[in-house]
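Peer 1: Please read through the structure below; I'll follow up with questions.
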Amino acid sequence: MATPGSEPQAFAPALSVTALHPHLHQHHQHHQHHQHHGGTGGTGFNLPLNRGLERALEEAANSGGLNLSARKLKEFPRTTAPGHDLSDTVRADLSKNRLVEVPMELCQFVSLEILNLYHNCIRVIPEAIVNLQMLTHLNLSRNQLSALPACLCGLPLKVLIASNNKLGSLPEEIGQLKQLMELDVSCNEITALPQQIGQLKSLRELNVRRNYLKVLPPELVDLPLVKFDFSCNKVLVIPVCFREMKQLQVLLLENNPLQSPPAQICTKGKVHIFKYLSIQACQIKTSDSLYLPTIERPHLHQHVEDSKKDSDSGVGSDNGDKRLSATEPSDEDTVSLNAPMSNIVEEDQTIKEDACHRLTPTKGEFQPKPSILGDSGISGQEREQLAGRADARHSGLMNYIKDQAEDCEELLRIEEDAHWHMEELLNSSKDRELDIAMIEQLREAELLQDPNGLSADIIERSILNLFPMDSGEASEFPDPSLNGQLQLETSPDREVQNDLMLQSNGSQYSPNEIRENSPSVSPTANITAPFGLKPRSGSWCPEEVQGSLQAESSPRRPQLLSRHVFLRPQRNLESIDPQFTIRRKMEQMREEKELVEQLRESIEMRLKVTLHEDLGAALMDGVVLCHLANHVRPRSVASIHVPSPAVPKLSMAKCRRNVENFLEACRKLGVPEEKLCLPHHILEEKGLVKVGTTVQALLDVTVTKALFT
């Protein structure tokens with residue numbers, strides 16, 4: 001018995017037979033049954049058979065297995081010997097012959113279960129093959145079939161082998177083969193698998209090796225495949241859904257230009273491939289959740305008036321979940337965050353600590369009063385009135401603290417918003433030179449002042465000198481350097497406090513002198529304009545609370561006022577270099593940009609190539625730099641790891657090897673050690689300036705040597 005899917009083997013020998021059934025002879029010949037002429041069965045006459053062929057037919061009649069393999073037959077042999085019927089044949093092997101079509105005689109063997117037509121010249125399969133309703137194994141490999149007929153899909157096949165043909169596609173009716181367990185269509189010209197292949201619910205083994213497939217249909221996931229071979233095709237991506245093929249044990253995928261999973265994963269086997277696909281699936285499912293807003297992130301683009309209405313500082317709140325903000329930030333807010341979350345949280349904590357410091361002594365004043373009054377014999381009604389006053393004072397203090405916390409929160413938001421606007425101004429510096437000059441002056445004024453001796457008179461003078469304009473114009477130029485450092489209210493009480501602060505610090509300028517410097521603008525307008533805030537006419541501080549606060553902190557007047565204007569923590573100013581300015585930073589960035597462009601021009605001019613727009617990514621693998629070293633001096637880098645079509649991206653180990661070889665070549669060529677960059681400057685794409693210095697030194701050294709030789 002022939003083994004399906006492998007090279008055909010001869011059937012077991014059977015008894016001899018001398019003739020076929022007469023009705024088979026009548027189907028193809030219109031001659032008399034009693035004629036006897038010499039020759040083979042291909043002349044149209046009943047010619048005598050050779051002894052070996054007679055023996056094979058005789059064995060088939062008795063055993064049910066017909067073996068006519070490797071006999072150079074061009075058609076099925078015919079004989080007129082009566083009394084022998086081959087219609088009960090179960091197995092037929094006609095492999096390694098010269099048949100050009102499936103013999104019609106075989107289509108009459110209704111009991112046929114296994115048919116092997118391997119290695120013939122078959123181009124046509126007759127529709128009469130549908131008569132073989134017992135056929136379960138069919139081998140049509142190594143023939144010249146250009147298509148499988150639809151009638152073939154009406155058979156109860158379990159094994160179908162059609163490899164090494166010229167098939168361009170599979171019929172859509174292939175989904176009718178419900179009992180098919182093995183399908184081999186390897187070494188053909190198939191460009192796509194039909195969607196109906198997902199209906200083969202019994203398929204265990206699928207071989208589409210050496211075809212022209214570019215896409216694997218996701219319907220394959222529905223199949224209970226144990227072995228899947230799609231090697232030597234043009235597949236670029238393995239669908240993520242393939243991770244659900246739980247019964248798959250053997251996966252063959254070599255010689256494909258796979259991009260996902262990458263070749264490094266594919267070479268490790270099925271387990272790593274499926275793990276990669278699972279990770280990809282998780283990333284796809286959670287891609288939307290990565291942009292979900294978190295309640296801890298502050299608003300950046302919310303209008304100031306809106307934030308005043310619904311912001312919650314967290315002080316006196318019953319629900320801790322409502323801290324920092326009453327509404328969840330939008331996606332735009334989370335994307336445009338510029339400040340680290342740790343700074344925001346620390347600043348909020350500082351605000352709460354300040355509020356607690358103010359609240360604690362005030363509560364201490366109110367709490368002893370009921371006990372003292374109770375001891376002096378005051379009536380219950382008077383006691384309730386006094387308690388009501390105490391509650392009113394306490395609630396007023398809470399509202400005042402809450403208002404101040406809201407103002408601080410607004411400053412934090414506006415500061416980040418102003419920082420974002422400043423970056424936009426810097427990016428469009430050519431069109432807004434006036435704005436940038438003003439920003440630089442403000443930043444210098446902030447950073448060059450003494451961190452430990454920060455006082456309000458310096459701030460007021462710098463603001464009044466730098467903003468000699470009305471509040472409408474000043475609001476158009478938000479400056480982040482002042483945010484979080486001062487916010488002076490327009491109420492009469494606050495103006496009195498400002499005057500006191502200027503006098504207590506020993507300032508040489510009185511409020512009147514300051515107003516003379518800018519007669520058209522009030523100090524309040526100048527101060528609030530940089531923040532873009534409108535004066536709050538309704539903000540007030542209770543007299544009792546204000547008096548208690550002044551009495552408690554009169555020795556520490558500057559510190560109290562600094563809390564009122566919500567200065568940023570001193571740690572930020574202490575960590576800033578006083579010699580640093582925005583102007584110097586911009587000059588440094590301009591120089592670095594020129595060095596990077598010079599690096600690009602040097603490489604492109606030497607190697608006659610056009611580098612990618614992202615220069616860091618183009619140099620990261622070290623290939624271009626090694627070629628540059630070899631261009632300067634041939635064979636200075638002995639071996640270079642280069643990407644291939646199968647592996648378009650080098651591993652990090654190979655990239656590091658290339659970079660180290662380049663740096664070693666630079667040392668040998670005479671580049672000074674202090675001008676050599678480090679490997680991570682190239683590998684991490686974070687030191688293009690240092691890489692440019694190294695490349696320029698390499699070119700200069702070679703030019704110098706060329707002049708002296």
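The backbone N, Cα and C atoms fix where each Cβ goes, and this holds for glycine too.
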Peer 1: Can you check which of Ser163, Ser231, Ser395 Swiss-Prot annotates as phosphoserine?
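Peer 2: Checked Swiss-Prot: the phosphoserine annotation sits on Ser395.
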Peer 1: Have a look at Thr267, Thr294, Thr524, Thr581 and find the one that Swiss-Prot tags as phosphothreonine.
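Peer 2: Swiss-Prot records phosphothreonine at Thr581.
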Peer 1: Which candidate in Ser522, Ser644 appears in Swiss-Prot with the annotation phosphoserine?
Peer 2: Ser522
Peer 1: Can you check which of Ser510, Ser518 Swiss-Prot annotates as phosphoserine?
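Peer 2: Going through Ser510, Ser518 one by one, Swiss-Prot annotates Ser518 as phosphoserine.
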Peer 1: Across all protein chains in the structure, which of the modified residues Ser395, Thr581 has the highest Cβ count within 10 Å?
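Peer 2: Counting every other Cβ within 10 Å of each candidate, the maximum falls on Thr581.
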Peer 1: Hey, how far is Ser395 (phosphoserine) from Thr581 (phosphothreonine), Cα to Cα, in Å?
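Peer 2: Rounded to the nearest whole number, the Cα-Cα distance is 46 Å.
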Peer 1: Check Ser395 (phosphoserine) against DSSP and tell me helix, strand or coil, would you?
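Peer 2: For Ser395 (phosphoserine) - judged by DSSP and reduced to three states - the answer is helix.
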Peer 1: So, three-state DSSP: helix, strand or coil for Thr581 (phosphothreonine)?
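Peer 2: Where Thr581 (phosphothreonine) sits, the three-state DSSP reduction gives coil.
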Peer 1: From the DSSP assignment alone, can you count helix, strand and coil residues within the repeat 'LRR 9' (245-268)?
Peer 2: 4 helix, 4 strand, 16 coil
Peer 1: Determine which residues of the chain contact the repeat 'LRR 7' (200-223) at the Cβ level, with the cut-off under 8 Å and only residues 6 or more beyond its ends counted.
Peer 2: 158, 163, 174-175, 177-194, 229-239, 241-242, 244-245, 252
